[in-house]
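Trainee: Sharing a structure with you now.
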Amino acid sequence: MNPYILAILLFGLGLGTTITFASSHWLLAWMGLEMNTLAIIPLMAQHHHPRAVEATTKYFLTQATAAAMLLFASVTNAWLSGQWDIQQMTHPLPITIITLALALKIGLAPVHAWLPEVLQGLDLTVGLILSTWQKLAPFALILQINPTNSTILIILGLTSTLIGGWGGLNQTQLRKILAYSSIAHLGWMILVLQFSPSLTLLTLLTYFVMTFSTFLVFKLNKATTINTLATSWTKAPLLTSLTPLILLSLGGLPPLTGFMPKWLILQELAKQDLALTATVAALSALLSLYFYVRLSYAMTLTMSPNNLSGTTPWRLSSTQLTLPLAISTTMAICLLPLTPAATALLAP
């Protein structure tokens, strides 16, 4: 892709998100979301592969549906209350419709079905943007409207953690596994949103760090399936030995970074007398943990080719920058001791 066009598209992505962040009017927020969607579509379809074009079309249709729902709900809110301010949502009907529209935008279950399919059709770089940056603007809106209907948030959260765990169990494609991992993490964030918005933000940031690190590892190894991971130890042995720690951090095992948000969320849910919800969420984390352990096993404990379809690729040195990978990997593994500082910052 022409570097000038790429720069314009990335600028459009940044500008769309910034407009949504800065807006207090629903029309401006909607415009930012639309800019975001339209800026990433050429990036998704740049390889002209039928799979990429299919993924782009699916993404465009779901995002357009969510944007139309959002616009409809904000017009309804203006009709019922006479104002367009994001933080002055009072009527339950537009709040519920907007919550569902934003859930569709970020891929929360039960409106998640597009996310694994779309991510599977993209290359790892655009997949990384879709899994991280594209979640920011809708999340900013969810945090601003602060939905009052607690039942719908808990249903969305629990469904997402369960489906995110179950969906990834039988997958062999890494991008689909990462998509289900994304759904499960978003479920954890939505569960605690109404009780502690700052904790939701902390969870989102730790999820970004861990996902960034995982995508960069897969990109360095040019891996898209579990079988190709088995050849990574010949290319980057040290990184291969560290990757299970990143994956287990995504799964939420102590003493890794990923344990911190899960621990604080379970603690917050228990404080709010939602012991059953906390138990179901903790058990659903075990489902996710299984496929992270499966990936770790494929990377470090199997010799390639481990089956008939496994082939050894050329061991060409990668041109990828390793500094972002080094920083994000260190953060994904070592930040648990900062939990007291995080809790002090979260305290109202």
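We number each residue from 1, going along the chain as drawn.
Note: Cβ is positioned from N, Cα and C throughout, glycine not excepted.
Since this is a predicted model, take the numbers as computed values, not measurements.
Grabbed the feature section from TrEMBL, which reads as follows:
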type: DOMAIN; residues: 23-287; note: domain 'NADH:quinone oxidoreductase/Mrp antiporter transmembrane'
type: TRANSMEM; residues: 60-80; note: transmembrane segment
type: TRANSMEM; residues: 92-115; note: transmembrane segment
type: TRANSMEM; residues: 151-170; note: transmembrane segment
type: TRANSMEM; residues: 177-195; note: transmembrane segment
type: TRANSMEM; residues: 201-221; note: transmembrane segment
type: TRANSMEM; residues: 233-254; note: transmembrane segment
type: TRANSMEM; residues: 274-293; note: transmembrane segment
type: DOMAIN; residues: 289-341; note: domain 'NADH dehydrogenase subunit 2 C-terminal'
type: TRANSMEM; residues: 325-347; note: transmembrane segment
Trainee: Using a Cβ cut-off of under 8 Å, list the residues of the same chain at least 6 residues beyond the transmembrane segment (92-115) that approach it.
Mentor: 33, 58-59, 62-63, 65-67, 69-70, 72-74, 76-77, 80, 134-135, 138-139, 141-142, 145, 147-149, 152-153, 156, 159-160, 162-164, 179, 182-183, 186-187, 190
Trainee: Could you tell me whether the transmembrane segment (201-221) and the transmembrane segment (274-293) are in contact, taking contact to mean 3+ Cβ pairs under 8 Å with a sequence separation of 6 or more?
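Mentor: Since fewer than 3 Cβ pairs under 8 Å link them, the transmembrane segment (274-293) and the transmembrane segment (201-221) do not come into contact.
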Trainee: Where does the mean pLDDT land for the domain 'NADH dehydrogenase subunit 2 C-terminal' (289-341)?
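Mentor: Looking only at the domain 'NADH dehydrogenase subunit 2 C-terminal' (289-341), pLDDT averages out to 81.
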Trainee: Compare 177-195, 201-221, 325-347 by their Cβ pairs under 8 Å to the transmembrane segment (151-170) and return the stretch that comes out on top.
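Mentor: If we count Cβ pairs closer than 8 Å to the transmembrane segment (151-170), 177-195 scores highest.
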Trainee: Counting only residues 6+ away from its ends, which parts of the chain sit with a Cβ under 8 Å from the transmembrane segment (201-221)?
Mentor: 124-125, 127-128, 131-132, 135, 139, 143, 174, 178, 181-182, 185, 188-189, 192, 228-229, 231-232, 235-236, 239, 243, 246-247, 249-250, 257-258, 260-261, 264-265, 318, 320, 322, 324-325, 328-329, 331-332, 335, 342, 346
